[in-house]
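Marked as compositional bias 'Basic and acidic residues' by TrEMBL: 315-331. Residues annotated as region 'Disordered' in TrEMBL: 315-341. Annotation source TrEMBL lists transmembrane segment at 25-45, 57-78, 90-110, 117-141, 153-175, 187-210, 222-243, 263-281, 287-307.
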Amino acid sequence: MNYSDSSTHPDETHLIHLPKEVESAYKGISIFILMWIMFSMGCAVDVRDIKSLLLKPYPAIVGLLSQFVIMPACAFGFANVLSLSPLHSIALMVVASCPGGTLSNVFTFWTRGDISLSIFMTLISTALALAFMPLNLFLYLKRWTDNKLKIPFVQTTMLVFMTWIPVIFGLIIRFKNVKIADFIAKVVIILGSVLGLIFIVGGVIFQIFFFPRFLHLETSSWVASTIMPLLGFIVGFLAPSVARLDCRQRRTIAIETSFQNTAIAMVLIAVSFEMNTISVMSQIPTIFLVSQICWASLLTFIHRIYFWLDDKRKEEKDNSKELIDERKAASEDGSDQGSVV
């Protein structure tokens, strides 16, 4: 592969070698957790909300433009401003061109965002990625390479089915029995969230264990892969704000824009590059993944505190209103008794 800069990264010869059994088990459990979470999300969504988004897709269009147009453009600018190495620049563009991930639905749930919009965007963006990923990579990667990347169409198509089918089953459950669907949504989303996060962190630890020098990379690459998710939150919030969407939709689109499906990025890198460059390039999506979880967890924590204080304020307001009504009713009863006497 020809790069515009002939320099190479000092760690390019250090490869990640995971046992096949570990790799197979990790992939299998990942797929199970993915489908489990998407099924529970389907149980949490009302079919009428999906119909409403189909009839009035304006919020979804704003979100998809933010994800497939603004995010890749920001990544391109970021890579140039920070003067990243060609390999890391390409890796950052690959990540920024990917569709949204399942974790975006989880964090939308925890921040009281628009779950229906989040699910809708995840499903549509995964399908549209088959067209938008090749387009974005064609437009932006000329800066660093003249070779064409192999888009993992098979894996992306499989991901479409792995996200759509569980959601459809969840919608059917909710249509048949709302109580069961609500129970599944509450319990499974919580368990799935915890297991998913533990599993991701465990995977990163495994990677670092088998590749000790994995975290040895330039400061500019660290900055790019850790700040890009935060930048995604910011532009993902500003775009719907300009479009005058409500706060729940703004939060949702911000999360969807920031969260990229790094698994697809890793597959694309694996099938498109030589073995001596895969390890170097995989540093960016891995750090990006951890960073987006950390930023989202921080923002979720802030939101939960705000929601708790807001709920407490509303509860106190309702209690004071009830007390005033009771006193008013008592005074009216007293005046009625006086007039009778």
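Cβ coordinates come from backbone N, Cα and C, glycine included.
Curation plays no part in TrEMBL annotations; they are all automatic predictions.
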Is it true that the transmembrane segment (263-281) and the transmembrane segment (153-175) have 3 or more CB pairs under 8 Å, sequence gap of 6 or more?
yes
With an 8 Å cut-off on Cβ pairs and a sequence gap of 6 or more, do the transmembrane segment (25-45) and the transmembrane segment (153-175) reach 3 or more such pairs?
yes
Winner by Cβ pairs under 8 Å against the transmembrane segment (57-78), considering only 90-110, 117-141, 153-175, 222-243, 287-307:
222-243
If you count Cβ pairs under 8 Å, which stretch among 153-175, 222-243, 287-307 touches the transmembrane segment (90-110) the most?
287-307
Where among 117-141, 153-175, 287-307 do we find the most Cβ pairs under 8 Å to the transmembrane segment (222-243)?
287-307
